């Protein structure tokens, strides 16, 4: 449930090349529940933001200046809703391409009366490139992205050197890239990419993974995995410059 893994070139030729970028997600058709459809019908006009051609003034969007986090691939939105509800003093931006998930999140926003959350329903790389100002995010979260297990599909993984550089450009100095995966080989791969990415510091004492941070909600899927003895690996990297 994550996005493409290469940064588009901003030229007319690049526009054509952008359409050929390898995507890290596959669009899936899915039925909408009544609640999800309600979320889209009633919530989208206010809470879903269009792709812009220039960086968005989120102080104006949210009506305040506050710490700002962005989550790529929020799935059905349970974790993002929980984080937004637990931290009303912060603002959250979620990116997800799958409509049932967007509808579920928006239904939760309406039900809980949240005002500190906005959504993009499109490719996160386009959102980062076109809508997010440089040095503006306090945190970017990437929880349980598709690991694309087969070697021939590794090029589809969102975590690539180009992604690390793009994220670094959008984080403030001191901002955090927080990733989590339930597949240890992908955690090792993330470490390989991030440990050589310039301008970052691994926050793990051992240079590997951090203990599960309290601010990341535990999902039902994760609890089930824990009962089965499956692990989860959290990685945190701080932008130095």
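Numbering starts at 1 and runs along the chain as displayed.
Using the three backbone atoms N, Cα and C, a Cβ is placed for every residue, glycine included.
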Listed co-binder of S-adenosyl-L-methionine (same site as 96, 123, 146, source Swiss-Prot) among 71, 184, 188: 71
Rounded Cα separation (Å) that holds between residue 123 (S-adenosyl-L-methionine binding site) and residue 182 (substrate binding site): 23
Residues 71, 96, 123, 146 binding S-adenosyl-L-methionine per the record - widest CA separation, whole Å: 14
Residue 96 (S-adenosyl-L-methionine binding site) versus residue 219 (substrate binding site) - Cα distance in angstrom: 17
